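Features reported for this protein in Swiss-Prot:
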- 1-29: signal peptide (SIGNAL)
- Asp566: active site, nucleophile (ACT_SITE)
- Glu569: active site (ACT_SITE)
- Asp631: active site, proton donor (ACT_SITE)
- 968-1091: domain 'CBM6' (DOMAIN)
Amino acid sequence: MYVRNLTGSFRFSLSFLLCFCLFVPSIYAIDGVYHAPYGIDDLYEIQATERSPRDPVAGDTVYIKITTWPIESGQTAWVTWTKNGVNQAAVGAAFKYNSGNNTYWEANLGTFAKGDVISYTVHGNKDGANEKVIGPFTFTVTGWESVSSISSITDNTNRVVLNAVPNTGTLKPKINLSFTADDVLRVQVSPTGTGTLSSGLSNYTVSDTASTTWLTTSKLKVKVDKNPFKLSVYKPDGTTLIARQYDSTTNRNIAWLTNGSTIIDKVEDHFYSPASEEFFGFGEHYNNFRKRGNDVDTYVFNQYKNQNDRTYMAIPFMLNSSGYGIFVNSTYYSKFRLATERTDMFSFTADTGGSAASMLDYYFIYGNDLKNVVSNYANITGKPTALPKWAFGLWMSANEWDRQTKVNTAINNANSNNIPATAVVLEQWSDENTFYIFNDATYTPKTGSAAHAYTDFTFPTSGRWTDPKAMADNVHNNGMKLVLWQVPIQKWTSTPYTQKDNDEAYMTAQNYAVGNGSGGQYRIPSGQWFENSLLLDFTNTAAKNWWMSKRAYLFDGVGIDGFKTDGGEMVWGRSNTFSNGKKGNEMRNQYPNEYVKAYNEYARSKKADAVSFSRSGTQGAQANQIFWSGDQESTFGAFQQAVNAGLTASMSGVPYWSWDMAGFTGTYPTAELYKRATEMAAFAPVMQFHSESNGSSGINEERSPWNAQARTGDNTIISHFAKYTNTRMNLLPYIYSEAKMASDTGVPMMRAMALEYPKDTNTYGLTQQYMFGGNLLIAPVMNQGETNKSIYLPQGDWIDFWFGAQRPGGRTISYTAGIDDLPVFVKFGSILPMNLNAQYQVGGTIGNSLTSYTNLAFRIYPLGTTTYDWNDDIGGSVKTITSTEQYGLNKETVTVPAINSTKTLQVFTTKPSSVTVGGSVMTEYSTLTALTGASTGWYYDTVQKFTYVKLGSSASAQSVVLNGVNKVEYEAEFGVQSGVSTNTNHAGYTGTGFVDGFETLGDNVAFDVSVKAAGTYTMKVRYSSGAGNGSRAIYVNNTKVTDLALPQTTSWDTWGTATFSVSLSTGLNTVKVSYDGTSSLGINFDNIAIVEQ
C-alpha cells in the first residue's frame, strides 16, 4: 500500500467536518447539534457522538451522545422521546467536556425491556433560543431467547427438521440438520421458523425415541437430546465423543437476539470445551496462534502496522485440536469466544441484519486429521485457484520504482547479481487520479463511458514512463512477469481532473457506485484511506465490466500479467446498498472478495497465467489466489507477527501467502534482520520484497538486496540473498508440486506444526517453525542475536537438508545457526523433485527459466515404501516416483516414471555395491565431473551421502535398484562431542569431516539413533588409529555394552571398521563412544553405522 491512513481521536462524516472548517463563530448563537447513533460502525473506534450501545439489549443503560458548536456558555442539549408511541419526559444532556470548537454532552435514557420501541430527537440551544434539532432516531430493544427442547422431528430423507420450543416467547424455531459429506454436518437454525432451509445428502439413517434422536453416517453419529436440548457428535462407534453443545441447563446453547416477533439481530451457539482443547485459524492473525482464552472478531480491517489482533483477512472458520472445525456461514460480523465466558465453553455469535428470516448457519467439519478438515472446508467454500509456475519465483517491488529507468535498473541488478526473479510489481506507476493511466502520459480525455486504447497515449521522453510496452517487453525478455497495483475506488480530489471527473460522472449516473442507503452514492468516511471517494459496486456486473474496460489496454497494449489488488477494507456503515441486494453490514467482510474476484477473473480472461495479489478477504478468499500480510515495520517483532499471520492464514484454508520480507516501512532493516527474513521468505509460499518510499528525503528505502547491502554496509548480503533465491529455484519442482496439491485438496503449503501433527501436543505452541509442503521442516531464526535455535522434531527420523546430519525426532534439539544459516530438515521417506545447476549445487546459480531443467533431480530419503506425485508441468502431467527401501535385504528400489528428459536420482544411502536399471548394471564413475560428462551411470558422494544415478530419457517407467546399501551412517562430526574437535586434514573420511583429538580420559561422542523395531543390530565404527592398536568403550542408553578393539590402521590416511552386535529399542536410542578407564590410544573417529541383521 502506498497511501497511508489518516488517524484521529474520532471521525465524522465529511459534510460535518466541512461545517467545522467553514464555521465563523457567532457570539450569541448555537450553530449546530450533531448525533450519529451508529457512527460509521467501526468495531474498534467509538465516535464521540454515537448512541451507546449502538443496538440496545434489554437491561442496557442507553446513552445518547451529542455535540454542539461553537463552545459558548448558556448552551443546553436535551432529548425528547417516545416509548412504544407514548411521549416520555424529556431528558437533559449532561455536559461532558469541550474539545476544539465543540461541546460534548450525554443524555441517559435509562434501561428498557425486550420489544420496546424508542424514538428520539436531539435538541440544542443557547439561552433558550436559536434551537437546533437532529433526528428523529429509532431503535428497538432486543433480548436473548434460546432453544429449550424439541417437540417433534421430521425426516425429509435429505435433511432432518427439529421443531424446537424456546425458553421464552412465542417464536416457533426450526433446527435443520443435513450432511454435505459423510463427515460434514450442517446446522441451520431459523428462530422464527421462516428461514430458507437447505437440503443435503441422503447418506444417513435416523433412529428416534421419545428422548433422543440419532443421525448416523459412515463417519459420524449425531445425537439429539430432546429435553433439555443438546447436540452431540460422536465417531461412528457412537461412544467416542468428538464435541457437544453446552448443557442448556447451565448455559444456553443455540440462542438468538430478538424483539420477540419480527427482528432477529444475532444468532449463536455454545459448545463444551475441556481445558486440553486448543483453537486455531480464524483467518490471518498476527498475535496469538493458540486462541484459547481469547475473543476473536471476524471483521476485515485496515490496520497500518502493529496489527496484533486486527486483521485484513477475517475468516469465521476455526480448527479444534480435538479433530474438527466449525465454519460459520455468514459474512456479517461474528465473534468467537474461546473459553472467555466460561473456562469450559466456547461460543460463536453472528450478526444477522435484523430480518425475521435470519438464521444461524454453520458447518461442523470432521476429518481423518486436521488437514482433512481444512480440505473439507475448501470443498464447501471453494478450492484454491491454481497458480502459474512463475508465481513461485522471487517477486521484486519497491515504491521507489516510480519510473521506467528504475525498473530496468532493478532487472539489470538482479541479473548481474545472479538473483533469479520471476515477477516485478509496480505500485507507483499510475497517475494519482484515475489509477489506470500511466503517470505523465498525454492523451485526449474520453467520456466516462469510453475506454482508452494504448495507442491513445503519448509518453514523453521527459516523463517517468517513456514506453510502458517496451518496459513490459524487457520484463518478459528477462524471464519475468509484470504486475500493476490497483485500488477499488473512484478517487475524490478537491481539484478538477477531466478524465477522473468524466469517469465519476458516468459512474454516478449509471449507479455503478456502492449506494448510501438514501438514494445517493456512498463515500468513504473522513479520516479513512481515500476519504470521500466513491467505491465501485463489484456485485453489479455492468459496473464491473465498465471498470475493467478502462484497464483492458494494460493487457492488450502493454502486456501486463496481473494485478496487485490493494485495500478493500472500505465499507463503513450498515445502510450502504449493493446491487446484489445486500447492505453494508453484510458486505464489509465480503466486499474484498467481490473486488479481488473481479480483478482475478478479468486478468485470467486476458491471460491464462495471470494472477491477482491481494491483502484482504474472508471465507472463500482462497479462490482468489495470492495474499500478503499487509503493512508491517522492519523489526524482529513484526517478522514474528508476519510468520504468525502466515500460519493462521494457512490454518484457515489460504495456501498462497506472502509478506513484505524484512518489513515494509519504518527504520531500515539491519543486516541481521534482512538475512533472517531472506532465509524464511525463501521457504514461504510466495517470496517477495517490497517497501514504502521515503518521499522526497532522497534516502532509498527499497528492500532489494543490492540496496540492503549498500544501506547496511554488509558486503555479504547480495551473495546470501542469491544463495537462498537460487535454492528456492532449485526446489521449484517441489514447490510447484506442493502448490498443485494445495489447489487440488485445499491443504496449505505452509503448514503450522499443529496442522501437520495435530495429535502431538508439543506442536500446539510452535510458531517459529513450520512444514513447507509435506516433506520440509523450516525453522527460521526470528529473534535478534539468536544463533542457537531450539527446534522440535516430531516423531520419526529427520535429515539436515544442508549437511545430511540425521536427527531422530520426538524431541527438541539445539541447532547452531549462524546469521547466514537456516535450519531445514527433511523427513525420512521424502522425495524431493529439484532442478540443480550443472554442478548439482544447491544454492548455486540456476537462473529463472521455467520451461526447462538444467539437471532434473529427485532427492530420495528412503524409508519403507513411499511415493511422490511430481507436477511435471513441462512434460504435461503429474508423475509418481516410488521409493522402496529394503535394508533387511540391503536393497533400495526406485521406480521412475516415463520422463522424456535426462534426470538424476540422489538417493540418501550408504555406497552401493552396484546399481542396475531395468536389470542392467550401470557404470560407476569415481567423480561427479565424470558422471556429468556421461549420458548415464552412477557416482557416490561420500560427503553428502548421496548415490547419484543418472538416467536418460525414457518413454516408459524405469526400475533402478541400489544393491548392498543400508541406512546412512551417523557422522561423528554431527554427534554431541565432549573433549574432542573436528578436522579434515586426513584423506578418506566421509561426510564433512571427522573427530580429532579423541585421546584423553572422558573424551566422548554421543549419537541419538533411531531404529524401526527393537532387536539385535550390527554396529560399525569407522576410525583411524595410525599409532597402534586402540580401543573405546561403547555405551547404549547409558549402559556400557562393550570395550571395542580398534586395530591399528596403516596410516592416519587409512580407515578401519570395527564391528559388534548390539540390542536396540524401538525408536530413539543413545549410543556413546567414550574414552574411559579401559580405553587406549588416540584415534580419529569418522562415523557409526547401524545395520539390520
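Each Cβ is built from the backbone N, Cα and C atoms, and glycine gets one as well.
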Cα of the residue listed as 'active site' to Cα of Asp631 (active site, proton donor), in Å and rounded, measures 14
For Glu569 (active site), list the number of other Cβ atoms lying within 10 Å of its Cβ atom.
24
Could you tally the C-beta atoms, other than its own, that fall within 10 angstroms of the C-beta of Asp631 (active site, proton donor)?
26
Spacing of the two Cα atoms, the residue listed as 'active site, nucleophile' and the residue listed as 'active site, proton donor', in whole angstrom, works out to 11
So how many other Cβ atoms are close to Asp566 (active site, nucleophile), meaning within 10 Å of its Cβ?
22
List the helix, strand and coil residue totals of the domain 'CBM6' (968-1091) as derived from DSSP.
3 helix, 73 strand, 48 coil
